[in-house]
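Accompanying notes for the structure given below.
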Amino acid sequence: MTEALISAALNGTQPELLAGGWAAGNATTKCSLTKTGFQFYYLPTVYILVFITGFLGNSVAIWMFVFHMRPWSGISVYMFNLALADFLYVLTLPALIFYYFNKTDWIFGDVMCKLQRFIFHVNLYGSILFLTCISVHRYTGVVHPLKSLGRLKKKNAVYVSSLVWALVVAVIAPILFYSGTGVRRNKTITCYDTTADEYLRSYFVYSMCTTVFMFCIPFIVILGCYGLIVKALIYKDLDNSPLRRKSIYLVIIVLTVFAVSYLPFHVMKTLNLRARLDFQTPQMCAFNDKVYATYQVTRGLASLNSCVDPILYFLAGDTFRRRLSRATRKSSRRSEPNVQSKSEEMTLNILTEYKQNGDTSL
C-alpha cells in the first residue's frame, strides 16, 4: 500500500487510479482507471504542435478564401468550411493544454468543459463530412464531368455546407449532456472526454450510432469515390492534367488523414468504452490499461487533422497555391515602397540635421 501511494505521488496520480488496479466500490467491483504519467506530457505536446501549426495554417487558409479566392468554386466552399471548423477547434486547445500540464485538474468550470468536448466532436465529424463532400465533388468532376456541370455550382455547395453544419450540431448536441466535470477523491476536478460511469451504458449506444453514421458510412463513400476516381485516371486520357494531379493529391491526403487520425481513434474509443463496461475482471485489468493508454495516443492523433488539412488546400484546391503565391508577391511589392519611403525620410532627416549643425561635407 505504501509503495502504491509513493508511486501515485511520483506519477501525479491517485491511488485509486493506478494502472492495473482492482477497486472495490460500495456496490460493484471493477478495474481502477489508469492515469499514467505519459498522458501529462504526450497530449499537451501534441496539442501545442497542433495549436501552432493549425492556427497558422488555417488562418492563412481562411485569409486566402475570404480575400484572394473570389469567386469561389464549389470545392472552395467546402474547403473554407473545413478550415473554419479546424480554426474553431484549435482556439480551444490552450485550455486543454493547461489542463494536462495541471495534472488533469480542470479549473475552467463545467460549462467550458462541455463546450470543449462539444467543439472537438463538431470539428471531428464536421471535418469528416466536409472531406466527404470534397471527395464526392471531385469524383463527379472526374468521372462524370458533363453530367455534373450543374451540380457543382457554388450555390449547391453552400446549401450542402449549411446542411452539414446543421446535421453535425444536431447529432453532437447530446455531448453537452454526457460530458462535464467530476470531482475525484483527492478533490481535483476531471473533465470527462466521454462521460461519467453512471451514463456509460447509454453513451456507448450513442457513440456507436455516431461512429456508424458519421464515420463508417462517410468513409465507405470516400473509398468508393476514390476507387472510381483512380479507375477513371487510369483509363481516361488525363495525362499531365492539373485535374489528374489534384485528384491524386486528394486521394493520398484524405486517405492518410483517415488512416492516421480518424480510424484509430474510433476503433480505440469503442474498445475503451467496451472495456469500461464489460471487461471488469481481475484478469482483464492489465488489458484495460493497455487499451486506455492506446486510446490516449489516438486522441492526440485525432487532432492532427486540423494541421494537415491546410496541406490539402495547397495541393488539391482549385488554384489555391497559385493565388497564395500571387497574394504574397503583392504584399511584398506593397512593402517595398514603404521601405523606400522610410529610407528617403531617414536620409532627409540626417541631411537636415547636418545642415543645422553647419556640416556640409555631405
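Placement of Cβ uses the backbone N, Cα and C atoms for every residue, glycine included.
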Swiss-Prot annotation, disulfide partner among CYS225, CYS285 for CYS31: CYS285
According to Swiss-Prot, the disulfide-paired cysteine of CYS113 among CYS133, CYS191: CYS191
Residue pair PHE38, LYS154: same membrane side in Swiss-Prot: no
Residue among recorded positions CYS191, CYS285, ALA293 with least C-beta crowding, 10 angstrom cut-off: ALA293
Secondary structure content of the topological domain 'Extracellular' (99-114), with strand meaning DSSP E or B: 8 helix, 0 strand, 8 coil
Recorded stretch that, among 77-98, 115-136, 156-177, 204-226, has the most CB pairs under 8 Å to the transmembrane segment (293-314): 77-98
Packing count at ASN272 (ADP binding site) (other Cβ atoms within 10 Å of its Cβ): 22
Of the binding-site residues listed as ASP193, ASN272, ARG274, ARG276, the one whose CA lies nearest the CA of CYS31 (disulfide bond): ARG276
